[in-house]
Amino acid sequence: MGHSRRPAGGEKKSRGFGRSKAAADVGDGRQTGGKPQVKKATFESTKKKEIGVSDLTLLSKISNEAINDNLKLRFEHDEIYTYIGHVLVSVNPFQDLGIYTDNVLQSYRGKNRLEVPPHVFAVAESAYYNMKSYKDNQCVIISGESGAGKTEAAKRIMQYIASVSGGTDSSIQHTKEMVLATNPLLESFGNAKTLRNNNSSRFGKYLELEFNTNGEPVGANITNYLLEKSRVVGQITNERNFHIFYQFTKAAPQKYRDLFGIQQPQSYLYTSRSKCYDVPGVDDSAEFRDTLNAMNVIGMTEGEQDDVFRMLAAILWIGNVQFAEDDSGNAVITDQSVVDYVAYLLEVDAAQVNKAFTIRVMETARGGRRGSVYEVPLNTVQALAVRDALAKAIYFNLFDWIVQRVNASLTARGEVANSIGILDIYGFEIFEKNSFEQLCINYVNEKLQQIFIQLTLKAEQDEYAREQIQWTPIKYFDNKVVCSLIEDKRPPGVFAALNDACATAHADSSAADNTFVGRLNFLSQNPNFENRQGQFIVKHYAGDVSYAVAGMTDKNKDQLLKDLLNLVGTSGNQFVHTLFPEQVNQDDKRRPPTASDKIKASANDLVATLMKAQPSYIRTIKPNDNKAPKEYNVGNVLHQIKYLGLQENVRIRRAGFAYRQTFDKFVERFYLLSPKTSYAGDYTWTGDAESGARQILKDTSIPAEEYQMGITKVFVKTPETLFALEAMRDRYWHNMAIRIQRAWRNYLRYRTECAIRIQRFWRRTTGGLEFIKLRDQGHQLLNGRKERRRMSLLGSRRFLGDYIGVGNKGGPGEMVRNGAGISGSEDILFSCRGEVLVSKFGRSSKPAPRILVLTNRHVYIIAQNLVNNQLVISSERTIPIGAIKAVSASNLKDDWFSIVVGSPQEPDPLVNCVFKTEFFTHLNNTLHGQLNLKIADHIEYNKKPGKLATVKVVKDPAVARDDSYKSGTIHTGPGEPANSVSKPTPRPKQVSARPVTKGKLLRPGGPGGGPSKLAARPTPAAQPLPRATPQPAAPQPAARAVPQPVAAVAASHTRTGSTASVRAPPPPPPAAAPAPKKPTAKVLYDFNSQQSNELSIKAGEIVQIVSKEGNGWWLCMNMTTSAQGWTPEAYLEEQVAPTPKPAPPPPPPAAPRSTPAPATNGAAAAAKAKPAPPAPPAKRPNMAARKAVPTPPPAPRDSAVSMNSHDSSGGSGRGTPNSMSNASLAGGLAEALRARQHAMQGKQDDDDDW
């Protein structure tokens, strides 16, 4: 039996455990399935080690001492709950352990008791689950002595059931609130501080929660027993009256203080006699607010609350009526004002109150006829008794009225299907002086112990014998003899003797007591009874108790004098008549029922109610008499263990069966688990119920030693077996639901896939029509006047517009937008990287990279500059759309055009953009088709404000791809004919048809499709791994294990004809990647430097090439001295690195190693020839003003390249040295700008006319 531990932090988890209809444990078995769900093992750092054993049936040695030691060990570690099978043993911790929080409560939902540690919530879960699953009424019997924690356990059960019982209807929620509100209300009127318990229940309560067929609470009913009304008029030292008196006197609102004269508790005799006004840790004012709130939740009106508090005030003032003796020894009232106030509160005449307290009206009868009436004065003792009798009667009837009012509010608001009862009654009591109240309390506890014995001990053994189950009988003490001693009439028991004494000598209390003592002599032969002088001893199951005889007969009479009944009958307050509804019948000669008769009838009714339900048990234990946490009195607890019979309970549990059920009910519950008893949820077994039960147990693989078959029932030994059966049953429905869900999901998947395929086809057919339409507008705008580039006519070309993403949120596009200050209200129509021809003083015009952005309002030319090593993006030129007069372009395929503005302050921009036609189209649409597009053999623009200039465009077949601008002329290659249009959109690549769905519920071709092609496709045979061919590779990171495919692993273990005799050697590792070599050159001629930025070289030397310039000079480095400088290109011969030969094939190496031919010394041959060196170029780069930058091969044209691109020209690839090799945005652009500045230094402006 596995048990989980409580997690760290002090909070416990628990689980519900079920019980059968034959009063045995029925586990709910709610687990994840029949087969255990194996999870990956992990280290549970927060898991606590179990303290002792959580179930006493697991003890290696069964004895009272072993049980005590285990309880003590767990108590010291704050583990207060322990199981005996399905019985919960609870030790009162006298402190809050934090184990009743909402999180802990939720952890019990749907759990059986083997999944989490013991807890009172587990009992509540079990009772609620069994009520819903098996439709049986449940009850929870909480037993133990006063102060052991019975009331707290009852409240926690109510808390749990109210939380998990569901129901969203407002009436159901209101019912839950009212049920919970009964706790503070009844506790304030029925609980008090005693020497053993600060919140001792001084009445018994059986709360019956009523549920509908859905397990939702619809009502409740409360039955109260044995209110200790004598506490109203007197308490011993350090005990208190009922809580409500202290709450009312301390926290009564001013309204009640003025209306009822309420003062502090020290002002009243009934609350000050014991000199105890407070309870440690209890705020009476806060408790009074809770009481008022509970009254409101229950539905008490303000008038009803006023009547209740009027009666409480009347009781307090009645206690302050004092008496003195007159000259004749009769009682007289000392303070008439108190009587007047009592009369005001009861709304009766003050003179009648005075007469009722001091005079008794007696009537003589003769021959069955009414005789004379006499008024007999009372002495002070008799007067005090009458006063106290009235106070006790008012409070007793008031408490009954409150219970009835609560029941009226909790009346079921729907059909009641089942119920759960919770019995909370004060436990066994043994005081120094025990009287009639203790006899009644202990008698009820004897009856409860008898139920426990009958249902858990005797009934269990009787059933085993009746069902012919193999069983070893266990001896136990049956306390039925003690119950008979107290309640039997023949032979007369204690109650019968007491009633006889009251009837024989009713006039004199002392005579009645003496008569009672005489009657008790007839019980002296009973071994469980001893009669002593003035007292008698009853040997209860909890121990021997000595009861004092004095005053018992008066308490048993339980009658209110007719004088007091007549007094309250004259009251003008209707609520008083409600409390005392009976009318005084002067002619009734029948003996009214005594208190012992009432308690005996109530106890028998309670037993009958409990026997109709399936009980769960909580046995509470009080660890010490000091109400101190962490204190464990071994002797006291051992005594409780003995009289609660825990040892016998453990022995019977160890030898018994956890679950039993009739054959037909068992088959009805579990027939789904066998394929021979069910099909598709229907019962198909044709044999009898017993054979069906055997078949179910066989098909579920339950071991034979785990169950026995009786005459009418099947007996399952351990709860784990039952939990497994319940789990399998739950899994059956789970599997059925999964099947339905799988079919439905497969259908939804099929429908979705069909829709997707239709949408995909539609998008392929109609997708991008807007972009294609825009592209066709571009063709119409050019109107066959301009040659086209081949890539512009591709069928897949679309006019997408915003290539940089300036209109997007986030990314480089947003940074460009923010840097250029483009308003968020402007729509981005077009963005692209390009170049603008820039003229500077003393220099030639050169193309510079720019970003071209077109919105619905402006054309932005955006520059990116490096300022203090920081990239700054700004708008260099902002042109309103309305200011554009024309756009000028050539009739060749070049990408240059000018935006003619004619501004008197600024020149017109000459722009190079690969997406020129798209720009023209968007600009034309923005101008509503009014764009003046000039196409000629040249480009016109205002180079300076007011100065018109032309740029020649020359077709040069030597220009392979890109345009080049130099000295006012653009050189471009031949293009496609001017009347060319875009090619048709290419058809997508054909792919093999895929099935719409996969799975067995729907065929791959769909619900009406043909057979699956996937099923007919042969599985490829496993192939051996190919041999790896070594080849140069780039440096790789550290190798890690890579799982092989299953086919490859299977092939590696397959013996074939070629590998059966000789095992192939492992493939060699791949060759290490060679380090990249830097370009070098051999010096052909001597060169002596003339300037400081030149490098002197000697013929035959090998120098490293740092960079190459197109003007005839290379920047080289002496590999010996590391000196750098410019050298003539004609003086050098670049060394080409030899291509490495592939590595030889893997072994066996059969071919011999070849000897390479000796290399020719080219340098020596060149030295022998001694040709004349050529003249160095006229121009040399300026070493001081130029930083050497490696020149990579030309990049493809791309105007939508990202800002981290390697192409500094923005994709045009013309006019600007490429230097963007850094990965970062700022670094790449900064490097490009710096390189361009260096390149522009030292140049002459060939066509500058400044």
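Cβ coordinates are placed from backbone N, Cα and C, and glycine is handled just like the others.
The feature region 'Disordered' is assigned by Swiss-Prot to 1-43 (among others).
Swiss-Prot lists 51-730 with the feature domain 'Myosin motor', giving sequence analysis as the kind of evidence.
According to Swiss-Prot, the ATP binding site annotation covers Gly144, Glu145, Ser146, Gly147, Ala148, Gly149, Lys150, Thr151. Note: Gly147 (ATP binding site) has non-local neighbours Asn92, Thr194, Arg196, Asn197, Ser200, Lys622, Asp625, Lys627, i.e. same-chain residues 6+ apart with C-beta under 8 A of its own C-beta. The DSSP secondary structure for Gly147 (ATP binding site) is coil.
Annotation source Swiss-Prot lists region 'Actin-binding' at 419-501.
Annotated domain 'IQ 1' per Swiss-Prot: 734-754, in sequence order.
Taken together, the residues in the domain 'IQ 2' (755-780) have a mean pLDDT of 85 on the 0 to 100 scale. Taken from Swiss-Prot, the feature domain 'IQ 2' applies to 755-780.
Residues annotated as domain 'TH1' in Swiss-Prot: 788-978.
As annotated by Swiss-Prot, region 'Disordered' applies to 962-1079 (among others).
Positions annotated as domain 'SH3' by Swiss-Prot, on the basis of sequence analysis: 1076-1137.
Feature annotation from Swiss-Prot assigns region 'Disordered' to 1126-1250 (among others).
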Within 10 Å of its Cβ, which one of these binding-site residues (Ser146, Thr151) has the largest number of other Cβ atoms? Thr151
Cβ-Cβ neighbours of Glu145 (ATP binding site) (radius 10 Å): 23
Taking DSSP states H, G and I as helix and E and B as strand, how many residues of the region 'Actin-binding' (419-501) are helix, strand and coil? 47 helix, 7 strand, 29 coil
If you run through the domain 'IQ 2' (755-780) with DSSP, how many residues end up as helix, strand and coil? 24 helix, 0 strand, 2 coil
Cβ-Cβ distance under 8 Å to Gly149 (ATP binding site), same chain, at least six residues away: Ser90, Val91, Asn92, Thr620, Lys622
Which residues of the same chain, at least 6 past either end of the domain 'IQ 2' (755-780), have a Cβ under 8 Å from a Cβ in it? 797-800, 917-918, 920-922, 924-925, 981-982, 985, 988, 996
ATP site, defined by Gly144, Glu145, Ser146, Gly147, Ala148, Gly149, Lys150, Thr151: further same-chain residues with Cβ within 8 Å of the Cβ centre: Asn92, Asn197, Ser200, Tyr426, Gly427, Thr620, Lys622
Enumerate same-chain residues with a sequence separation of six or more from Ala148 (ATP binding site) and a Cβ-Cβ distance below 8 A; give 'none' if the list is empty. Ser90, Asn92, Gly427, Thr620, Ile621, Lys622, Gln640
Would you count the other C-beta atoms found within 10 angstroms of the C-beta of Lys150 (ATP binding site) for me? 26
Nonlocal residues around Gly144 (ATP binding site), in sequence order (Cβ under 8 Å, 6 or more apart): Ser90, Lys150, Gly427, Phe428, Arg619, Thr620, Ile621, Lys622, Gln640, Leu644
